[in-house]
Amino acid sequence: MGIERRELYKCDICGNVVEVAEAGQPALVCCGEDMKKLEEQTEDASNEKHVPVVNEVEEGVEVVVGTTLHPMEENHSIRFIEVLTEEQVLRAELNPGDEPKAVFAVDADDIVKVREYCDVHGLWKA
């Protein structure tokens, strides 16, 4: 089976992370090696710091990473939060020092999936 649309892959050599926009080839290659598919994790044993929490707000939805806010340090932070609908991928890119949350102008009923990427612990979904 080949790669699927909207899957995320990471290069173990250089750290590149890519999202598949169009399914096609059986593998993605970076630095001469096959990239590894990032599996979406859902259970967090470390004080619930990774699982995204979705709250409806006036502007749409607010996604907060963890019931205990995730650290946003130089060497350990949330790099992005995504809200996926059938037609869209909405992404908020974050930097060290930012709060690990974002607001998206989308109806909560249209959301198919919410996920975030931690540069140390990988991909997590609500």
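Keep in mind that glycine also has a Cβ here, set from the backbone N, Cα and C atoms.
Automatic, uncurated: that is what TrEMBL annotation is.
Taken from TrEMBL, the feature Fe cation binding site covers Cys11, Cys14, Cys30, Cys31, His50, His70, His76, Cys118, His121. For Cys11 (Fe cation binding site), the same-chain residues lying six or more positions away in sequence with a CB closer than 8 A to its CB are Val17, Cys30, Cys31, Glu33, Met35, Lys36.
Averaged across the domain 'Desulfoferrodoxin N-terminal' (4-38), the predicted model reaches a pLDDT of 92. Annotated domain 'Desulfoferrodoxin N-terminal' per TrEMBL: 4-38, in sequence order.
Marked as domain 'Desulfoferrodoxin ferrous iron-binding' by TrEMBL: 43-125. Here the domain 'Desulfoferrodoxin ferrous iron-binding' (43-125) is broken down by DSSP into helix, strand and coil counts: 3 helix, 43 strand, 37 coil.
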* To do: Please indicate, using numbers and ranges, the residues of the same chain that are 6 or more beyond the domain 'Desulfoferrodoxin N-terminal' (4-38) and have a C-beta under 8 Å from a C-beta there.
  => 79, 84, 89, 117, 122-123
* With DSSP as the yardstick, break the domain 'Desulfoferrodoxin N-terminal' (4-38) down into helix, strand and coil residue counts. => 0 helix, 12 strand, 23 coil
